[in-house]
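> The repeat 'WD' feature in TrEMBL is assigned to 69-110, 111-152, 162-196, 243-270, 279-310, 508-555, 555-596, 597-638, 639-671, 681-722, 723-757. Sequence annotations record features per position, and here TrEMBL assigns region 'Disordered' to 312-383, 408-465. TrEMBL lists 418-432 with the feature compositional bias 'Acidic residues'. The feature compositional bias 'Polar residues' is assigned by TrEMBL to 436-447, 456-465.
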Amino acid sequence: MKLGCEEPSSSVEIGEQLRIDKLEATTLDAFDCDANCVEFTKSGLVASGSDEGSIKIWESTTLERLHVMEGHRGSVFSIAINHTQTVLASSSFDRTVKLWSMSTGRCIKTLKGHGSIVWDVAFSPSESTIASASADGTVKLWDAAVGNCIKTLSGHDDGRWVNGVAFSPDGDRLASCSRDATVRVWDVASGECTGVLGDHSCTVICVAFSAAGTIASGDCGGVIKLWDGHQCTHTIRCCDVAVRCLAFSPDCGLLVSGSADAAVRIWRLEPEPKSVRDLPGHSDRVYGVAFTADGAGLGSASRDGSIRIWRSRVPVEGGETSGSTSDADTTVDDHESIADVDPATPFESDDAEPPGAVLESEPDLPPSVDTEGPGTPETQCPVNEESFVLDPCDPRDGAMAQDELEAADKATGPVNETEQEQGADDTLDLDLDVGPSSNGEGTTRPRQPSMAVSVVGSTDGQPTSSCLHVINTPSPEAIALFPDGTMVSGHSNYFVRMWDKDWACRRAIGHGSVVNAVAVSPDGQLIASGGDVYNGKRNSPIKLWDAATGQLVRVFEGTGNVSSLAFSPDGKALVSGSQDYTVRRWDVQRGKCVKTMKKHTHFVKTVAFSPDGKTIASGSSDYTIRVWNSQSGKQLKVITDHGEAVTSVVFSPDGALLASGSDDGSIRLWDTKKWRSGVKLRHDNWHVHCVAFSPNGKMIACGTYVDGLKLWDTASGELLKWIKGHEPPVIDVAFTVDGEGVISVCGGDNTIKLWDVGEFVDGKT
C-alpha cells in the first residue's frame, strides 16, 4: 500500500519540505505549567493551550504574543483551528468546548453537554461540524455555526473514555480512539459505527488521519499502528512508554510522534515506516505535535511548559549533516522577552462551567507486538534508556490504572485464594510512584494543582468566606489528614493520592477498585484505603500502605464493600463499616479481623473510634446509631432518633460528644456518658453527608447533598457560616490541624477546596 498522497501538493519529493537533517529549533517558554497542545495557521500563527486554562496565540516568526484567551475553568487539553482560520475551538477539563474568534481573541460560544473532561476537539474540513471526545465515553458532533449538539456517538466498550478524534480528509468519516483499546470509525452523516480497529492491546491515546486517508493510532504501550481502511498495515514500536500525540505532514510522507519519554520522533513512511530523526530539547513528556501548513516546520508542546518550533534551515554548502546535528536553539521566555499584551487582554468569557471529571491512567508496561502475518511489519526505534514513570496525579495519567491491573493480570495470572490469604494482591507489582525525570535529580516535577483565591458571600448576612486553594482532581470521595497537616484522598477511579503542603500531588497509589474511604494512622506512618470488593474481578476491600514509600504493607480480607474506616488512637486497630451490614475491628499488625459486630440490618455507612479507644460508634442505612465496646464487640447502645440513614458519626476531641449526620437533614449531638441528645442542628431537610469537629471541639462543619458546606457553633447550635462556593454534593469534610481551615470534597465539580475559617478561632472574633 502506498502511504503517501497520490497527488503531492508540490513537485518536491516526499518529506523534502521538511529538511529533516537541517532543522533548527526555537524554544518558547510559553507557560509556567504543562503545555498540552500546539497548532499552526496558514498565515504563520502558532497557538497552544495549557494547564493554566488559557490559550495563547503568537506570530511564529517574531514570537510576538497576539492574544491570551481565557475563560476555561480548568486545563485546556486540545485546540483546533478551522480551515479559514477564523475560529479556534478548545476542549477542557471543565467539560466544555469553547469557540474563539481568531481576530479578537474573544469567546464566541461555549458548547456544553459532556459529562466529564473533553480530551480532544476537531473541525471537519467543511468547517460545518465540530467533533469532541470525552471521558464520559462519548463523541459529540456539534453544529459549528449555532453550537447545537447534532449527534452523540456512543459505542466504545463500557462507555470507556474517548481520548481522541480526527476527521477524514473528505469529512465523511470520523475516527475516535479509546481506553477500550480500539479505534472506531464513524459515518458522520448517519452517526453509525462502520468499523472497529481492534489490534491494539491497551489504551489508544491518539489518532490522526493523513491527507490520503491513512489512519495512525498510538497507544499507552508505545506502539503506533497504521491503517488502510479497517486493515492494520504496519505496526511501529515507537518506545516503551505512552505515545501521546501524532501528526501527518501535509504531503503524507512523514509522521511525527510525541511520547512520555520527552521525545519528538520523525518517521518516514515510504517505502516502509522508518525512524529518521529524534528531536532533542524537551525535558518532560510531549503532549502535542503539529506540522506547519506548508510542511516546512513543526511544533511540539510539552509538560515542561515549553513550545518548540522546528524549521528547515538553508542547507550549508560543503556537505550535509545527518542524525545528531548540532541544532541551533533559541530560547524565548514568554514572560520576559515578549512584549506584554494589550490591556484589553486576557479576554475572559462570561460563560464558564465548573470542572468535573472522571479520570484514570495508562500503563507504562509495553504490550507484546504481534509481528506475525503478512502486511504487519514491526519497525523498531531506539528507546531512550532513561526511565519515565507515569504520574497518576496527572489527569492524563490518572485510568488507565485499571489497564495496569489488567496488564499485571496478563503477566502474572490471577491471584488465587491462598495467595490472597498470605497477603498477595494483584496490585503489588504496580509501581505508580513518581519516578526519575530528565533533570537528573531523581524526582519528577510535581503536577501543581490549580489554585484559586475567591470570596464567597451569602445572602443571609453571614460573613464572606475565602477559598484559599482548589484542587481539580478526578472523582474524589474521601480525605484524611496526616499529623503534619498534609492530606491523603481516595478516589472512585481506583486511586489513593497523597498531597504535600503546597497541595501538589506527590504520589498516587492504585487501590484496584473504587476507593470509598481513607484513614491515616495516628503516627502518620500508615494509610488505610477501603473500597469495593469487585471490579469485574475480586479485589481486596481494605489495603494498608506505607505512607513514606507508597508500598503495600498488607491486605485485609473477609468483608464486603467498605464505606468507612477509622484507626484506634494507639494505631493498633482499624475499624471498618461495610455494605455487608457489619462493623469489624482489625489487628493492624496481623491484618486479621478480631471482632465482627453484626447488629445492623442494612449498610454500615460510617464508623468512628472514641478518643480513649474504648468505644466504637457506627451509623447505618437502617436509621440507627450503634455504640460498641471496642474490645469485646458488645453492643452498648442503640440510638433510633434519626428518621433516615445515618451518614456520618464523629467524636469530639475530648470524647464528651458524638455528632451524627443523617439523610433526614439533621445533625444531632449526643452526650457520650448518658447517650442523650443535646443540641439538634436542623439543615432545611437536605441530606447531610459528612460531619467534622474542629480540633478544639468548638465548631462543627457539615457537608450536604444540596446546599454546600455549613459551620455551626457546638455549644449554642448557632449557624456561623454558610459557604456556598461548591457544586454539590459535598461528600467529605475535615478541619485543618490548626483549626483555621476547612477542607471540603465536592462531588459535583470534582474538586477539593480549602476554606479560611480563621475568623471563628478563639481570639479572632
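Placed from the backbone N, Cα and C atoms, the Cβ positions cover glycine too.
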> So, by DSSP, how many helix, strand and coil residues make up the repeat 'WD' (69-110)?
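Going through the repeat 'WD' (69-110) residue by residue, I get 0 helix, 24 strand, 18 coil.
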> Same chain only, please: residues at least 6 beyond the ends of the repeat 'WD' (639-671) with a C-beta under 8 Å from a C-beta of the stretch. Say none if there are none.
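Those are 602-603, 605-612, 617-627, 677-693, 695-697, 700, 702, 712, 714, in sequence order.
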> When each of 69-110, 111-152, 279-310, 597-638, 723-757 is checked against the repeat 'WD' (243-270) for Cβ pairs under 8 Å, which one has the most?
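Most contacts with the repeat 'WD' (243-270): 279-310.
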> When the repeat 'WD' (279-310) is classified with DSSP, how many of its residues are helical, how many are strand and how many are coil?
0 helix, 17 strand, 15 coil
> Under the DSSP assignment, what numbers of helix, strand and coil residues are found in the repeat 'WD' (597-638)?
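Taking the repeat 'WD' (597-638) as a whole: 0 helix, 22 strand, 20 coil.
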> Within the repeat 'WD' (723-757), count helix residues (DSSP H, G, I), strand residues (E, B) and coil residues, in that order.
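Computed counts for the repeat 'WD' (723-757) are 0 helix, 19 strand, 16 coil.
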